[in-house]
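Listed in TrEMBL:
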DOMAIN    110-414  domain 'Phosphofructokinase'
BINDING   G116, R179, G180, G204, D205, G206, T207  ATP binding site
BINDING   D205  Mg(2+) binding site
SITE      G206  site 'Important for substrate specificity'
BINDING   T233, I234, D235, M278, G279, R280, E334, Y390, M391, I392, R393  substrate binding site
ACT_SITE  D235  active site, proton acceptor
Amino acid sequence: MESSNTSAVPSNPTVGSSNNGVISFDGCDSSTHHLPKIVQGQCGFVLEDTYHNPLQDNPSYSVVKRHFVNEEDTVAQTIVVHEDSPRGIHFRRAGPQQRVYFEADEVQACIVTCGGLCPGLNTVVRELVCGLYHMYGITRVLGIEGGYRGFYARNTVSLTPKSVNDIHKRGGTVLGTSRGGHDTTKIVDSIEDRGINQVYIIGGDGTQRGASVIYEEVRRRGLKVSVIGIPKTIDNDIPVIDKSFGFDTAVEEAQRAIDAAHVEAMSAEHGVGVVKLMGRDCGFIALYATLASRDVDCCLIPESPFYLEGPGGLFEYMEKRLKENGHMVIVIAEGAGQNLLSECMPNTDARDASGNKLYQDVGLWISQKIKDHFKQIDWVINLKYIDPTYMIRAVPANASDNVYCTLLAHSAVHGAMAGFTGFTVGPVNSRHAYIPFQRITEKQNKVVITDRMWARLLSSTNQPSFLDPETIEGLKKEEHKQT
Ligand SMILES: Nc1ncnc2c1ncn2[C@@H]1O[C@H](COP(=O)(O)OP(=O)(O)O)[C@@H](O)[C@H]1O
Ligand SMILES: O=P(O)(O)OC[C@H]1O[C@](O)(COP(=O)(O)O)[C@@H](O)[C@@H]1O
Ligand SMILES: [Mg+2]
């Protein structure tokens, strides 16, 4: 790739723009691909890929059939399309690029972890350090401690392949994490003062919004710094990517709690097991853990409203189920039924340091409601409430998440080395891609209850949908409009 511009700065790799001269996005056609390859992103940034990629001389990679991804390869966001529909949004394919922007000895990288814990954080840190070192010979990597505020309020730690060797076996993050404390000016001052030119930011939706603001400030100051987001979300609320690391581990751990609830419920007369799982605004963990377990009789998630009393309500279903089976298990996501809770509890509008709304404990609330109801109708029930949420978050990643973390970290390193910036890396339809921040931050991923997956769940638990036909029609129309 050539550049006509000598004052090179990293480019945004994947923005939906017709002026990048290489690939088309957002349905633009690709008729300009034969133009001179001056890579001009939407933001007017120019990539100058100055050096040859050392990966081609790396003995470990000598067997690889194709050393580099084709610069014109894209990953489609929507893969099932009607023949007449537009081409849709495409992202730049992640992977090693033929030419790189940085030479090894000029790189000063840093890594920060922000937001809530998630299994796999340490693996991503490890693989970033080892990937930078082993693939590109980069030895200067700093760990920023304690989340975003660590950029200006804490000392840094030096990370080497040796120091991170075993960390993937531990839960949590060796760097520490925090909520709040995002002071953009101080963060970018710190990046500038320390001579950092690659910033790897691991975190959830809030973190990616923070990363996007840092990227804007870096651009405004004209710094030659790559800002890369690595998506972390235990509850899978980040859009576009297939799923986040840690999600599989969380589902696996959630099943252990469901197993315990099932054993308790089965062993008692009219035993009821209630398990609360994470999922502030989306119920993916609850959905997948329920589907995987098959011991769950009812799964309640934020996306699907429910009610307790009257025909078609939860209590009616519970009575029927307890009569039939003698026991039952209910899984509830933390954000489910918050409308019902706010009816009977004062709405405090409490928020955490990052501005996320703090919800009341729906597990405790629903357990009490169930007990009250059965007392009223003179049924003896034995209810056990299990809240495994922090236990699920604190475990190390399982095998498949560990491998996934490695791919994510390596894709991030390849993108940064190529001089790309302002993107989050992640799998889109099973292919790793570079996704501009704004695509990740513009909306939240939710369980679509008009999709077949939710129907599968309803059919496996046999629970009521709690929806009347009119609401279902309305939801379908809404969904149709959005696609
Ligand atoms: N809109 C935003 N702009 C800048 N920083 C943000 C924004 N939202 C969140 N952050 C910062 O991102 C970090 C993590 O956010 P948080 O919501 O707690 O976790 P997560 O990234 O896991 O969703 C916090 O330090 C927070 O201050
Ligand atoms: O008590 P904390 O650490 O604020 O975390 C609680 C929250 O963290 C989460 O596990 C995940 O949130 P994030 O991934 O957005 O950080 C939520 O499900 C939960 O409400
Ligand atoms: Mg979040």
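Cβ coordinates come from backbone N, Cα and C, glycine included.
Please treat TrEMBL annotations as automatic predictions, because they have not gone through curation.
A map of TrEMBL features onto the structure.
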residue	record	DSSP (3 states)
G116	ATP binding site	coil
R179	ATP binding site	coil
G204	ATP binding site	coil
T233	substrate binding site	coil
G279	substrate binding site	coil
E334	substrate binding site	coil
M391	substrate binding site	helix
| note | For G204 (ATP binding site), the same-chain residues 6+ apart in sequence with C-beta under 8 angstroms from its C-beta are C114, G115, G116, C118, P231, K232, T233, D237, I238
| said: Given the binding-site residues G116, G204, T207, T233, M391, return the subset with CB under 6 A from an atom of ligand 2, ordered by sequence, or none if empty. | reply: G116, G204, T233
| ATP site, defined by G116, R179, G180, G204, D205, G206, T207: further same-chain residues with Cβ within 8 Å of the Cβ centre | C114, G115, G203, G210, S354, N356
| task | Enumerate in sequence order the binding-site residues G116, G204, G279, R393 whose Cβ-atom distance to ligand 3 is under 6 angstroms. | result | G204
| Around T207 (ATP binding site), how many other CB atoms lie within 10 A of its CB? | 30
| said: Return the count of C-beta atoms lying within 10 angstroms of the C-beta of G180 (ATP binding site), excluding that atom itself. | reply: 16
| remark: Sorting the binding-site residues G180, G206, T207, G279, E334, M391 by sequence and keeping only those with a Cβ under 6 Å from ligand 1 gives G180, G206, T207
| message | I'd like to confirm something. Which of the binding-site residues, R179, G180, D205, T207, has a Cα closest to the Cα of M391 (substrate binding site)? | response | R179
| message | Looking only at G116, R179, G180, G204, D205, G206, T207, which the record lists for ATP, tell me the maximum pairwise CA distance in angstrom. | response | 13
| message | Suppose we draw a 10 Å sphere around the Cβ of R179 (ATP binding site). How many other Cβ atoms does it contain, all chains included? | response | 19
| query | At the level of the C-alpha atoms, what whole-angstrom distance separates G279 (substrate binding site) and G180 (ATP binding site)? | reply | 20
| message | Looking at the binding-site residues listed here (D235, E334, R393), whose Cα lies nearest to that of G206 (ATP binding site)? | response | D235
| Cα separation, D235 (substrate binding site) to T207 (ATP binding site) (Å, whole number) | 15
| Listed substrate-binding residues T233, I234, D235, M278, G279, R280, E334, Y390, M391, I392, R393 - what's their greatest C-alpha to C-alpha distance in Å? | 16
| message | Most Cβ neighbours within 10 Å: which of the binding-site residues D205, D235, E334 is it? | response | D235
